[in-house]
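To start, the structure itself, in structure tokens.
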Amino acid sequence: ELPRPYPNEIPHNEKLLSLKYESLDYDNSENQLFLEEERRINHAAFRTVEIKRWVICAMIGILTGLVACFIDIVVENLAGLKYRVVKDNIDKFTEKGGLSFSLLLWATLNASVVMVGSVIVAFVEPVAAGSGIPQIKCYLNGVKIPHVVRLKTLVIKVCGVILSVVGGLAVGKEGPMIHSGAVIAAGISQGRSTSLKRDFKIFEYFRRDTEKRDFVSAGAAAGVSAAFGAPVGGVLFSLEEGASFWNQFLTWRIFFASMISTFTLNSVLSVYHGNPWDLSSPGLINFGRFDNEKMGYTIQEIPIFIFMGVVGGILGALFNALNYWLTMFRIRYIHRPCLQVIEAMLVAAVTAAVGFVMIYCSRDCQPIQGSSVAYPLQAVGLALFPCFLPTPGSYNPMTLGMFTLMYFFLACWTYGLTVSAGVFIPSLLIGAAWGRLFGISLSYLAKGSIWADPGKYALMGAAAQLGGIVRMTLSLTVIMMEATGNVTYGFPIMLVLMTAKIVGDYFVEGLYDMHIQLQSVPFLHWEAPVTSHSLTAREVMSTPVTCLRRIERVGTVVDILSDTSSNHNGFPVVESNPNTTQVAGLRGLILRSQLIVLGLVPPQVFVERANLNLVQRRLKLKDFRDAYPRFPPIQSIHVSQDERECMIDLSEFMNPTPYTVPQEASLPRVFKLFRALGLRHLVVVNNHNEVVGMVTRKDLARYRLGKEGLEELSLAQT
């Protein structure tokens, strides 16, 4: 493809909504075929469907756990190898001078590893960049982001994470686990792989957006619980960040998937580490265990915690604002894949150099607790959290301050590069470092009083920093509690996170929401904008609606589908009155994908005018399911001149009961209906049940609450 002329296409990009994103159909199309099939299924068959759902959830859990193990073990071995090479080299040159060579070696190693990781992402599958949480959030919200749950994305994601963590970037491997879990879920629940062209003929009932989306939310939860060893946190994450639709059965199945995923991870890792019956190892991340005796907290510390929350909110807002400007710059100027790779290599080299200089300058690198990994070599990417381990006096405050400052800017610069990487670990590390610093200065003031233990301030700082960047409250509290294995701190963590969220939201929105907005995705929030009661459906809807008649000429249908200027995906079907010209009453709604499937089996569906009752072969619902999710484009369907003159009766395939609203309905009412039912098209009718307009996702996502009140975004083809 040609290099896209980006800068002159989108000079400023935040006030746009992109037209390249389609909606998912969360709402089933209840046409005659669907109703006939559902009526055929008896109670026992429904029970087998339910059992299949549980089986799929178990498989999601197992596979997500295995992927997490794979990432963990490979990273451990590769990073260990790289560390040994660099360490031997440093030892050799410390004796005879010339350390600049080992710096060069380290930087080159890092840059080359990151280069491979960046090349596969930039050239093979750009969707795998970043942590993938914004993309999954959009998918669960009902936006179809191209390629987001493909097998190829999963492979690139896993390899990219391994390479970027081994390459010593300031990234974590936790965020991408969520994306990986979602891809696994989407793949298993369909019972086939479109990328590998294999169809296993199982789980065919689940081949529609409704079911697929429920499984994707289970996959995201399994990813969280594999990453942090926090099953309940995973369920809450899925509820808070992702799923737009929720019921008890879903909760229970998602919890099951999360538990299985943590269990798989622990079993495999315990076998790998050589104590096969010990299942107590935490997830991929280890905070160190907290002792309950000396780790209580008293009433006078509550204000201190709240103050830490404020600091975390301000620093998080600063992080997001810097990242916002950086991402804007990237969208405008660094949009060619080769430039993106060069930038990633530059960041890797700079990170290595900073780490090296810090090791060289700081003199407090004695090994902690017998481990051979000196502390600033964290840039090597071993997810240890020495900041939390309550060993008083092992850190020089000067080093901690330097580390916080450096790591803050490095992490900010790294997020949004074209590598797969999460922002969880870096923000926890930054927070832990400044929390530890805060705790040390407090214990100087308090003259070594028992309550001023730096370890617990490190924990609070980590929570505050992460909460200030991503603005999650509920799930983050539970994840932190499960990861430290300590319930005592539930209340202070919650206080810190809520403060951080309130303070941060005052300045700028959360990191994920910001990236969703920068990609111009039509994302629907929980509620309509507060001041939008003055708008009605008549002002919001898209007006010239392309309608089809109930019995329509094939040629007309093909022309409408081939017309690129109006790329509609849903067409209202109206009563066909050949002799009159006025708009007729609404009879149903048919989707572009359904019409295309009708066109794939042309001779059987089209009926000659003479014998309307003669149909040779009935289309089954299976034909529609087999074409899902990649429906062929209309160009692949060739219709002869004779066939163009045939008539086609749509009444069997259209949804005869589409949701409609009267044109006087207010925007919040329309929004609520659209959002709660997960619709894709909402037909607007007048008093005579005649079609006057159509509301789609983009018409609702256009209105947003800005600084001055309600603002309307413009739509653009990006």
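Each Cβ is built from the backbone N, Cα and C atoms, and glycine gets one as well.
Not measured: the values here are computed from a predicted model.
The domain 'CBS' feature in TrEMBL is assigned to 654-712. The feature transmembrane segment is assigned by TrEMBL to 54-75, 103-124, 154-172, 215-238, 250-272, 302-326, 338-360, 372-391, 457-481, 487-508.
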DSSP residue counts for the domain 'CBS' (654-712), split into helix, strand and coil: 16 helix, 25 strand, 18 coil
Cβ-based contact of the transmembrane segment (215-238) with the transmembrane segment (338-360), 3 or more pairs under 8 Å: no
Tertiary contacts of the transmembrane segment (338-360) (same chain, 6+ residues out, Cβ under 8 Å): 99, 102-103, 106-111, 113-115, 117-119, 122, 167-170, 330, 374, 376-377, 379-380, 399, 402-403, 406, 410, 413-414, 417-419
In contact by Cβ distance (the transmembrane segment (302-326), the transmembrane segment (487-508); 3 or more pairs under 8 Å): yes
Average model confidence [pLDDT] within the domain 'CBS' (654-712): 85
Selected stretch (most C-beta pairs under 8 A with the transmembrane segment (54-75)) from 154-172, 250-272, 302-326: 250-272
Intrachain residues whose Cβ lies under 8 Å of the transmembrane segment (302-326), provided they are six or more past its termini: 408, 411-413, 415-416, 427, 430-431, 434-435, 438, 442, 457, 460-461, 463-469, 471, 492, 495-504, 506-511, 514, 518
